[in-house]
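To start, I am sharing the structure in question, which I have written as structure tokens.
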Amino acid sequence: MESLRGYTHSDIGYRSLAVGEDIEEVNDEKLTVTSLMARGGEDEENTRSKPEYGTEAENNVGTEGSVPSDDQDREGGGGHEPEQQQEEPPLTKPEQQQEEPPLLELKQEQEEPPQTTVEGPQPAEGPQTAEGPQPPERKRRRRTAFTQFQLQELENFFDESQYPDVVARERLAARLNLTEDRVQVWFQNRRAKWKRNQRVLMLRNTATADLAHPLDMFLGGAYYAAPALDPALCVHLVPQLPRPPVLPVPPMPPRPPMVPMPPRPPIAPMPPMAPVPPGSRMAPVPPGPRMAPVPPWPPMAPVPPWPPMAPVPTGPPMAPVPPGPPMARVPPGPPMARVPPGPPMAPLPPGPPMAPLPPGPPMAPLPPGPPMAPLPPRSHVPHTGLAPVHITWAPVINSYYACPFF
């Protein structure tokens, strides 16, 4: 509540004449300006201490004390100009000075919470975090980008062997221009992907078997055969139109009996071979005379050298052939005479008319066949048909599906 200290009766009269409203409007405008100034200069206001605000308040109180004396002097001087005194602007100074301390206090109260937040413990800044222990940076591992040819070769090798040894991996790496570690990591990832796909296939086929109608299960050795029927394969069949009865084929006439083959005459047995009588022993061949040694040939006489060939004498130079006379131009012959057209061809005379063929004997009618027995009526065919039942085979090793369902 505002105190009336330092105000005179004329000030109270001014308030009754709506002067106070103008002052309040001015104070409101001043409040808006100071609030904007306070927002703009937070750092400056925060640095100021409370004793400075106290000294400002005391100075303002001192000015308030000096204002009533001026008003009293003005009242003592005379009240012959009341309208001029109402319009004098200095009268608003006491009001403004009186209103300023509460505004400063209000501004101080508004600015104190940010000041406490600024003066309070702050989070660690850049230099402090730099001094503290920092976690080591994780280096991002570079992924190998395989080409289409490398992937195709790796997939083909994986189809043959899922666990290649060191020698096979080194050969494959040298052929594909890769390192052995990269090939080993690729096979590990490929085996994990293969196992994951097997689990997905197992769950998918298990769900399909659960949805099927209750059927028997055939167990045979290490393979479990489970019939699986997919309800989505049930289709609605169009009712078939009745077909005309099919006439039966007449039975074939019996064939004449085959003439039996005459029996072959028996083969006479071969006479036994007469035993060879033991003859006298072969006389040994006497050795012939020894061959006389061939005498050596006499040495060949050396062939005498041929006499040197006499050089062929060069003939006289050939005289140049003189050019002959130019060929005479063949004169053009007379134009060819046009062949006159020949006489027209005489038409061929018509031949004698063809004699009609005599009619042949009439064809004998075919004898009627035996009557056909009527076919039994067909059973009713339902309009809704089911797809054929599929048999899924899966090898089971130690209660684990080792291969996908086929």
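Just so it is clear, glycine is given a Cβ too, placed from its N, Cα and C backbone atoms.
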Looking at 1-21, 190-210, I want to know which stretch Swiss-Prot calls region 'Disordered'.
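Checked against Swiss-Prot: region 'Disordered' maps to 1-21.
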What range among 139-198, 319-378 does Swiss-Prot describe as DNA-binding region?
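It is 139-198 that Swiss-Prot annotates as DNA-binding region.
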Pick from 42-47, 132-137, 138-143: which stretch is listed in Swiss-Prot under motif 'Nuclear localization signal'?
138-143
Can you name the far-off residues of the same chain, 6+ from the ends of the repeat '1' (244-252), with a Cβ under 8 Å from a Cβ of it?
369-370, 372-375
Across the whole of the motif 'Nuclear localization signal' (138-143), what does the mean pLDDT come to? Round it, please.
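Residues in the motif 'Nuclear localization signal' (138-143) carry a mean pLDDT of 77 in this prediction.
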